[in-house]
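Taken from TrEMBL, the feature active site, proton donor covers Glu112, Glu379. As annotated by TrEMBL, active site applies to Asp242, Glu419. Feature annotation from TrEMBL assigns disulfide bond to Cys317-Cys366. Taken from TrEMBL, the feature Ca(2+) binding site covers Thr495.
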Amino acid sequence: MSWEDSPGSDAAMVLEADDEKREAVVAAFKVRALYSGALKRSPRDAMGSDEYRPISRKGDNLTSGGGIGYTIVDAVDTMYLMGLKEEYEVAHRWIETELSFNHSRSTISTFETTIRVLGGLLSAHYLTSDEMYLKHAEDLGHRLVVAFNTSSGLPSETVRLSHPSGNLSPTTSPAEAGSLQLEFRYLAELTKNSTFWYKAEHAMSVIKKALLPNLNGLAPTSMQIRQGTFQSSVVRVGSEADSYYEYLLKQYLQTNMTEPVYQSMYDHAMDGAVDNLIQRTPVESLTYVGQLDPQGRSLSSSTKLWHFGHRQEHLVCFLAGTLMLGAVTSGSRDGHHTVSVPPLPEQLTERGLRDWQMGIDILEGCLSTHDTETGLAPEVAEFRAADDEKYPYDRDWFIPGRFNRNRSPYEARYMLRPEIVESLFVAWRLTGDTRYRDWSWKIFSSIEKYARIPTGGYATIMDQETFFLSETLKYLFLTFSDSEVLPLQNVVFNTEAHPLPLFDPTITPRFF
């Protein structure tokens, strides 16, 4: 690393690339991409398939009429950033000539299609200025935005793309309803179509109005779409909720901190997490994020009537990086992203200092779950309760169901998820502490050893998600790149790791 000015100043720290490790990640991407069939025509071709199964070497599509770009569009910005010119040109050509949203009446996930396909198109446009990507993004945006046409304004979980219409299910989640905004707001800014902005923005106002006062900004994981209200469901920062909290901060950052309502909602939610969900184990002092389980069918705003669960999903580990990023932005004393690297205590507010340390502690707790025979973390870990006098294990966390032969091994599998390496990337960029790079390399090395398929590609016990290309390998690549590649003060990453720029909005927000 080098300094443009003396340590402790507000000048930017330039973190130099580790060329050898960066290129190892690029090589892994090429193995996964080429052998997935996404970028190579061959007898075992899966070119254009939305998903790929590396063990059986077969591709699947989400619609009956053909693929809608889940793999190619999700990974195209990674190819561009990695400088994979040949692979990028193959992907670009497919998107230009074959990508279509017309070929099926099948319903697809509003949330997944927004974060992966719409987000991928917008990110590719931002990085390349190629209008072809924006043309596809606008087309897809018009097909997706109908999901918000419900009685409450919360988006339906699924839509039909060929004949745009929502398919109203009775419920949704905070993640599905509150993690579409970065994409639709940026699309609105690019196209000057305010409908994209206001539909997505209104969903946030519905969620805010429905929050239970005594849960301190935390959101139960299930909402009734028609009424726009929460129903009895678990309160956690993991599945069905994770990206909602992530987008509270990132919506505030996306428009250059000009919308304080998102800062307020984010701060309130983090206060709730600290007060109700974040705990330490009694022996090893590991920090983890538990959950509140409802006791009965009706929601109570009193946390005394909820049961605390010590279960933490791998998904929760995004929170470490989010807290650290929030500390140097929302939690900085001057209200701007101008703190030094690493930040000095006097540059942060009291809340910023708390969140900074909490982020570090949660990340270290998450990294403890990589202390396994493979060096890879399980999908779920359960932590030792302070009052558990009969705790049977020799360390402060265990994998639930691991020794139960009658139980699914779901909790024990490693899904190539990005959340821990995402937080390691953020921690590295904000501190310059080499231990975060070292941990990233250990995780990558374990993936290479235990998840790589001899005949090509990478897999888990079950099917492979596209996020390995778009998120996990991208964050690892950025960790070993120099810090001038996508500086954190210039972009926000959507929840599928697609970088989008910060901008001053030309559309007047209505949510205050």
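Here the Cβ of each residue, glycine as well, is placed from N, Cα and C on the backbone.
Neighbour list (Glu419 (active site), Cβ cut-off 8 Å, at least 6 residues apart, same chain): His314, Leu315, Val316, Cys317, Phe318, Cys366. Checking each of the recorded positions Asp242, Glu379, Thr495 against Glu112 (active site, proton donor) by C-alpha distance, the shortest gap belongs to Thr495. If you count neighbouring Cβ atoms within 10 Å for each of the active-site residues Glu112, Asp242, Glu379, the highest count belongs to Asp242.
Taking the Cβ of Thr495 (Ca(2+) binding site) as reference, residues of its chain lying under 8 Å away and at least six apart in sequence are, in sequence order, Ile115, Ser179, Asp242, Ser243, Glu246, Tyr247. For Cys317 (disulfide bond), the count of additional Cβ atoms within 10 Å of its Cβ stands at 29 [all protein chains shown].
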